[in-house]
Amino acid sequence: MGTAKIPALLWFLLAGLVLALAVNPAHGAKTRHYDFFITETNYTRLCHEKSILTVNGQFPGPTIYARKGDFIIVNVHNNGNKNITIHWHGVDQPRNPWSDGPEFITQCPIRPGGNFTYQVILFEEEGTLWWHAHSDFDRATVHGAIVIHPKRGTTFLFRKLDKEIPWWNDDVEHVLDKAKRIGGDVEPSDTNTINGQPGDMFPLCSRDDTFKVAVQQGNTYLLRVINAGLTNDMFFAIAGHRLTVVGIDARYTKPITVDYIMIAPGQTMDVLLKANRTLGSNSRYYMAARTFITLPVDTIRFNNSTATAIVEYTDSAVARPVGPPEFPVLLPAIKDEDAAMAFVKQLRSLGNQDHPVHVPKQVDEHMLIDIDINFLPCDANNATNKLCEGPQGNRFAASLNNVSFQNPAIDVLDAYYYGSGRGVYEENFPNKLTVIVNPTGDINGGGPLLTKRGTKVKVLEYGTVVEVVFQDLSIENHPMHLHGFTFYVVGRGSGTFDERRDPATYNLIDPPFQNTVSVPKSSWAAIRFRADNPGVWFMHCHFDRHVVWGMDTMFIVKDGKTPQAQMLPRPPNMPEC
């Protein structure tokens, strides 16, 4: 790859983000300032105009540019009509849970008319991350990218931004309210999108706005791919081209060249595209994003759309367009589980001198967390006094180790900080279920049919090495995201985890370093991390309907003995509940 070619190619996507480009990371200060204004904005997609929450009137929202180790100050002004919080997804926020963002976990929400200043501390992150709302389903439209360049004095060549995001043709707030009230499943979105557009396979009114990427033959581009979807894993491919993955979740990987990627909600990937079509080739190629799902498609509604954008060669070395763009024939089918697993098993940490691998070899705390879809009895939240819309008149729920998380009325971090956690949360989240459950492929995977609500947390001493094995008992994949930490994905397997046999298969040499791991249906995934970030840290499935149903818990990491191992003081401007 010729290094001289890269800089001339940076601007075809970045030029539209004028405010971000005005602060060039190569010359900017180490402290960067942004103002986010939450507002209601009218947008048209799929021939319908609707009012959505946006940041600075943009959908997707503004991109934050920084360098590794920078300090970012974001003042969020809530000019919308509802409470809101913002989470900086994948930023570890060392010693600073106060600015992590999940509502009622680390802060009370920002009320309409209020504002809150977030302090975002970048440490080891380098590559692509993103920010999003962390309240109800607001992240459907309130989200944007975080582009983290290397430290000053160092370089890397991969700099082109592309994002993959969802679009809802039904009112998001109505969808969520209905699901909460009557306990049924959440209505699926009408389409997937790439950079806010569904593509030209949808109604005529959408075609003129199809996202297009202009490329020149022989050059190499970096796609910063973000799955901001609420409920779907995605396959992504570009017709006539292979893709080289060089990073995931802002951590470098050993380069792998593939025909497609599979990316879970919440994940980010840095992917190289070589524009290698030659004279006589078509000059237009679809990049396509398609839902990957393991649910029974004949009985459960889901978004089965394929979003498209167009890669278009603009130089004379390639023929001008004749007919429609080519479609990626190697894009996997919706239920291709083998294709999904084949991709994720290839991921490895880079592991060089500048980016070493430090996998903990000795584990202090072993946890086996069963992930399941359950039910709760229909209750007074159903204002119609009719049966709920879940199976057998119940409401849908979800659980970790048969605990369906219930949000408290005040935020947990404040309660912990002031020593007033009694009555707010319980410090007894179980390390494992007492009954061994085998995945069955039924609707609730053979786990407990009915679950119980609770606000249970796991308390860890500072420096504890933790291994968590996620055991998926359900018929659906689950992207599990941990705030405050990046972890090593040391193992995967199908069926029931065997604590005597399966650890021997772990990769302790160069496992991928991630903040979100996709746990396949009826399978398991093992992660390891060192609890060296004091504070309260949320862990949850990144399917938003599962968060609402209770597939969440928290780690409370105690302060260490030195000042550098203790939480930062509480900021004076924290929102009040």
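Each Cβ is built from the backbone N, Cα and C atoms, and glycine gets one as well.
These figures come from a predicted structure and were not determined experimentally.
Annotated signal peptide per Swiss-Prot: 1-28, in sequence order, evidence recorded as sequence analysis.
Secondary structure by DSSP for the domain 'Plastocyanin-like 1' (37-153): 6 helix, 59 strand, 52 coil. Marked as domain 'Plastocyanin-like 1' by Swiss-Prot: 37-153.
Sequence annotations record features per position, and here Swiss-Prot assigns N-linked glycosylation site to ASN42 (among others). Neighbour count (other Cβ atoms within 10 Å of the Cβ, all protein chains): 10 for ASN42 (N-linked glycosylation site).
Taken from Swiss-Prot, the feature N-linked glycosylation site applies to ASN83 (among others). The Cβ of ASN83 (N-linked glycosylation site) lies under 8 Å from the Cβ of GLU103, PRO109, ILE110, ARG111, PRO112, SER135, each of these being in the same chain and 6 or more residues away along the sequence.
Positions annotated as Cu cation 1 binding site by Swiss-Prot: HIS87, HIS481. In sequence order, ASP100, GLY101, PRO102, TRP131, HIS132, ALA133, HIS134, HIS483 constitute the residues six or more apart from HIS87 (Cu cation 1 binding site) in its chain with CB-CB distances below 8 Å.
A C-beta separation below 8 Å, combined with a sequence spacing of at least six in one chain, links HIS542 (Cu cation 2 binding site) to ALA264, PRO265, GLY266, PRO479, MET480, HIS481, THR516. Under the DSSP three-state reduction, HIS542 (Cu cation 2 binding site) is assigned to coil, being neither helix nor strand. The feature Cu cation 2 binding site is assigned by Swiss-Prot to HIS89, HIS132, HIS542, with similarity to another entry given as support.
Within the same chain, the residues at least 6 positions away from ASN115 (N-linked glycosylation site) whose Cβ sits under 8 Å from its Cβ are ASN75, VAL76, HIS77, ASN78, listed in sequence order. Under the heading N-linked glycosylation site, Swiss-Prot lists ASN115 (among others).
Look at Swiss-Prot and you will find HIS134, HIS483, HIS540 tagged as Cu cation 3 binding site. Around HIS540 (Cu cation 3 binding site), a 10 Å sphere centred on its CB holds 26 further CB atoms from the protein chains shown.
As annotated by Swiss-Prot, domain 'Plastocyanin-like 2' applies to 163-316.
The N-linked glycosylation site annotation in Swiss-Prot covers ASN276 (among others) and rests on sequence analysis. Taking the Cβ of ASN276 (N-linked glycosylation site) as reference, residues of its chain lying under 8 Å away and at least six apart in sequence are, in sequence order, GLN217, GLY218, HIS241.
According to Swiss-Prot, the feature N-linked glycosylation site maps to ASN304 (among others), an assignment based on sequence analysis.
The N-linked glycosylation site annotation in Swiss-Prot covers ASN382 (among others) and rests on sequence analysis.
The annotation N-linked glycosylation site is assigned in Swiss-Prot to ASN402 (among others) on the grounds of sequence analysis. Taken residue by residue with DSSP, ASN402 (N-linked glycosylation site) is part of neither helix nor strand, so it is coil.
Taken from Swiss-Prot, the feature domain 'Plastocyanin-like 3' covers 442-561.
Less than 8 angstroms from the CB of HIS546 (Cu cation 4 binding site) sit ILE373, ALA398, HIS478, HIS540, each of them six or more residues away in the same chain. Residues annotated as Cu cation 4 binding site in Swiss-Prot, with similarity to another entry given as evidence: HIS478, CYS541, HIS546, MET551.
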Separation of alpha carbons, HIS89 (Cu cation 2 binding site) and CYS541 (Cu cation 4 binding site) (Å):
13
Among HIS132, HIS483, which are binding-site residues, the residue with the most C-beta atoms within 10 angstroms of its C-beta:
HIS483
Please tell me which one of the recorded positions listed here (ASN42, ASN402, MET551) sits closest to HIS89 (Cu cation 2 binding site), measuring Cα to Cα?
MET551
Going by C-beta under 8 A and a gap of 6 or more residues, the same-chain neighbours of MET551 (Cu cation 4 binding site) are ILE371, ALA398, SER399, LEU400, SER404, PHE405, HIS478, HIS540, CYS541, PHE543
Out of HIS89, HIS134, HIS481, which of the binding-site residues has the smallest number of neighbouring Cβ atoms within 10 Å?
HIS481
Rounded inter-Cα distance in Å - ASN42 (N-linked glycosylation site), ASN402 (N-linked glycosylation site)
41
